[in-house]
Amino acid sequence: MVLIRVLANLLLLQLSYAQKSSELVIGGDECNINEHPFLAFVTSDRRRCAGTLINQEWVLTAAHCNGKYMKIELGVHDKMVRNEDKQTRVPKQKFFCLSSKEYTMWDKDIMLIRLNTPVNNSTHIAPVSLASRPPVVGSVCRIMGWGTISSPKVILPDVPHCANIEIIKYSKCQGVHPELPAKGRVVCAGIWQGGKDSCHGDSGAPLICNGQLQGLLSWGGDPCAQPLQPGLYTDIFDYSDWIQSIIAGNTTATCPP
């Protein structure tokens, strides 16, 4: 069964939390503390997600991560240990499709957040550049986040975990997910044989290819990391003009075209 992974976040009060574990994002390892200066921990009254710092004032995450009392934490690794350069912000503006009827699991699941004050770059805080070209099938890319390290049982870690996955041909994903349109603005990525995957709590997390932000986790199979069930990531390259126009102040279009 396919579903939006954010649904599991609604049960956070019932979940078991874990300290550092040897079992990791599904099939991954604890991220090196210095490899994710752009990674943001995004929370609200409804769920926990991840996001990506793209310049000192703007963060990208998934539209379905929206909620009240949103908080964006940067410079975070172990959530139980405060880094000296950790910085916390709240949204000043949010640009996304306001109604869930305007975005789907394969289109417009993206939110651009303007922070209330810019962050200062530091050892553990620095932006990543947007994808400069479409995803290349077969490319090995990096996923990361504080999502569950086990599925279907949900165990949320204190530290982010990372894994390498591959860009998979879109038509292969259509074969598994027939509801996908002929051309969706998503990147299909994972391990076709299963074993490595992002999962519940990773929504909005970055897909990093060649050092650039190629995608944001949108949805996938449940349980996670199953064979023939790669994840679907919002394709950043397809939204780069909208993102750049908002940042430059050339448009106020809340919902991307």
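Placement of Cβ uses the backbone N, Cα and C atoms for every residue, glycine included.
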Check Swiss-Prot and name the cysteine among Cys97, Cys141, Cys162, Cys255 that pairs with Cys209 in a disulfide.
Cys141
Asn121 (N-linked glycosylation site): tally of other CB atoms within 10 A of its CB:
14
Below 8 Å Cβ to Cβ and six or more residues apart, same chain only. Which residues does that give for Cys209 (disulfide bond)?
Ala131, Pro135, Val136, Ser139, Cys141, Arg142, Ile167, Gly215
Out of Cys49, Cys65, Asp109, Cys188, point to the one nearest Asn250 (N-linked glycosylation site) in space (Cα versus Cα); all of them are recorded positions in the record.
Asp109
Reported as an integer number of Å, what is the Cα distance between Cys188 (disulfide bond) and Asp109 (active site, charge relay system)?
14
